[in-house]
Amino acid sequence: MTNMVRWLFSTNHKDIGTLYFIFGAIAGVMGTCFSVLIRMELARPGDQILGGNHQLYNVLITAHAFLMIFFMVMPAMIGGFGNWFVPILIGAPDMAFPRLNNISFWLLPPSLLLLLSSALVEVGSGTGWTVYPPLSGITSHSGGAVDLAIFSLHLSGISSILGSINFITTIFNMRGPGMTMHRLPLFVWSVLVTAFLLLLSLPVLAGAITMLLTDRNFNTTFFDPAGGGDPILYQHLFWFFGHPEVYILILPGFGIISHIVSTFSRKPVFGYLGMVYAMISIGVLGFLVWAHHMFTVGLDVDTRAYFTAATMIIAVPTGIKIFSWIATMWGGSIQYKTPMLFAVGFIFLFTIGGLTGIVLANSGLDIALHDTYYVVAHFHYVLSMGAVFALFAGFYYWVGKIFGRTYPETLGQIHFWITFFGVNLTFFPMHFLGLSGMPRRIPDYPDAYAGWNALSSFGSYISVVGIRRFFVVVAITSSSGKNQKCAESPWAVEQNPTTLEWLVQSPPAFHTFGELPAVKETKS
């Protein structure tokens with residue numbers, strides 16, 4: 001009973017962070033299964049495993065996106081690493097609102113349940129993650145499936161809003177003595193910026209999907225031209241949330257990568273203030289570029305010119321971050337342990353994804369590339385190899401602190417190389433498919449596209465083998481087997497620890513600090 005009470009009613013940031021990790025892992029496995037089903041269907045031309053059920057294909061696409069974004073990356077990055085390490089890094093005893101933290105987590109399992117049940121109602125929700133009307137309207141999806149998906153998004157959104165309020169309050173009000181804003185570790189800064197993005201963008205999504213809900217069930221016509229509405233309004237509202245959302249997914253990853261690159265290069269981060277202002281700039285600019293997802297809907301030419309220019313400007317702070325990471329490594333005494341491998345992989349692959357993003361920012365080019373596999377390749381390079389690589393990097397970096405045991409280094413490196421090879425083989429050929437005009441969200445294709453699709457599907461099978469390696473590592477590390485106890489500071493940063501998590505025991509005590517740590521100075 002006491003164990004159940006500990007986990008159900010927990011107000012401890014580390015316990016809640018662990019729950020987020022477990023939840024993210026479960027959702028991630030499900031999302032990966034869906035992606036493999038998608039790649040099996042696309043492995044060769046003609047109807048394959050889905051037997052011609054094209055609605056089911058779109059349900060898989062939709063569920064894959066929702067699972068990976070709202071139930072894997074966000075819970076693991078912000079809920080998992082954020083909850084676990086933000087209080088420790090700022091020298092706080094816990095989060096500002098511990099019980100709010102608990103409900104933030106426990107809103108997610110019901111939300112996941114609603115999403116999964118939507119697949120079992122009538123023909124499921126085959127709208128794509130954007131849920132565009134009129135396809136998501138009552139005439140095209142007549143059952144309750146889309147309504148269930150909308151409620152799922154509502155719950156997940158409330159969870160994220162409450163969590164972000166908690167993080168903002170914690171970071172502003174609960175820093176330890178001497179921990180000024182300009183001494184905050186970069187991961188804490190990244191979570192702070194992310195929390196503001198969530199707080200400002202999610203209410204807009206909530207408004208859009210609530211309007212869609214009333215369109216479907218109460219005969220309003222917000223998005224129905226027959227009653228004076230406009231489906232393009234939905235797209236504006238959705239993408240005003242949707243674009244900040246992609247930065248929400250990647251910003252905490254930026255913070256994690258900064259810590260890792262600094263630790264394994266044995267140097268402080270190059271240009272700390274520049275890194276902070278770059279993240280803030282990315283956050284602000286992220287709200288000013290949403291219509292680059294809509295270049296093909298008939299926007300005015302000067303509107304498209306503005307959104308093209310604004311989108312390209314985001315590349316500037318992003319470039320500052322990438323060059324600062326490279327400058328941190330420059331002249332450093334680099335150790336290629338597993339976290340550093342994932343961090344270097346992140347920098348390389350995220351840069352490729354960023355370059356294809358610059359290509360897509362051109363409204364003229366995007367007319368040709370919109371809704372082709374070029375776009376799929378672009379955002380999977382920044383998510384599947386950006387956000388997910390950052391998650392893996394953070395896991396290997398902090399797993400000793402979380403479990404109190406060291407991970408098997410060789411298995412970790414094997415995991416990296418299999419995954420690196422697999423994801424590249426999956427997504428690089430998609431650039432060629434997109435340039436040849438293969439459209440997204442379509443389960444069949446002409447024979448001309450067969451070669452690259454077969455290669456892509458093969459790559460996804462390799463990625464699954466890599467993920468299986470990862471769970472082997474988790475199992476070995478979490479069990480009290482041969483692997484030895486983890487030191488307070490496994491990466492030997494005792495000489496000059498720059499962050500507080502390496503000064504507490506591994507794993508940290510239930511109440512991390514006996515007395516609040518005072519930060520005297522930061523050595524440069």
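Yeah, the Cβs are placed from backbone N, Cα and C, and that goes for glycine too.
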*Determine which of His243, His378 appears in Swiss-Prot for the same Cu cation site as His292, His293.*
His243
*Which one of Pro429, Pro439, Pro443, Pro446 goes with Glu41, Gly46 at the Ca(2+) site, as Swiss-Prot has it?*
Pro443
*Hey, which of 18-38, 148-168, 269-289 has the most Cβ-Cβ pairs under 8 Å against the transmembrane segment (447-467)?*
18-38
*Entry from the binding-site residues list Gly46, Pro443 having the most other CB atoms no farther than 10 A*: Pro443
_As a test: from 18-38, 103-123, 269-289, 312-332, 340-360, pick the stretch that has the greatest number of Cβ pairs under 8 Å with the transmembrane segment (186-206)._
269-289
*Around the recorded Ca(2+) site, report the further residues of that chain (criterion: Cβ within 8 Å of the mean position of the Cβ atoms of Glu41, Gly46, Pro443; site residues excluded), sequence-ordered.*
Leu42, Pro45, Asp47, Gln48, Ile49, Leu50, Gly52, Tyr57, Asp444, Tyr445
_Within the same chain, where does the transmembrane segment (18-38) have neighbours whose Cβ lies under 8 angstroms from its own Cβ atoms, ignoring anything closer than 6 residues to its ends? I mean 6 or more beyond._
7, 10, 49-50, 57, 60-61, 63-64, 67-68, 71-73, 75-76, 79-80, 83-84, 105, 108-109, 112, 402, 460-461, 463-464, 467, 474
*Nearest of the binding-site residues (Glu41, Gly46, Tyr247, His293) to His380 (Fe(II)-heme a binding site), judged by Cα-Cα distance*: Tyr247
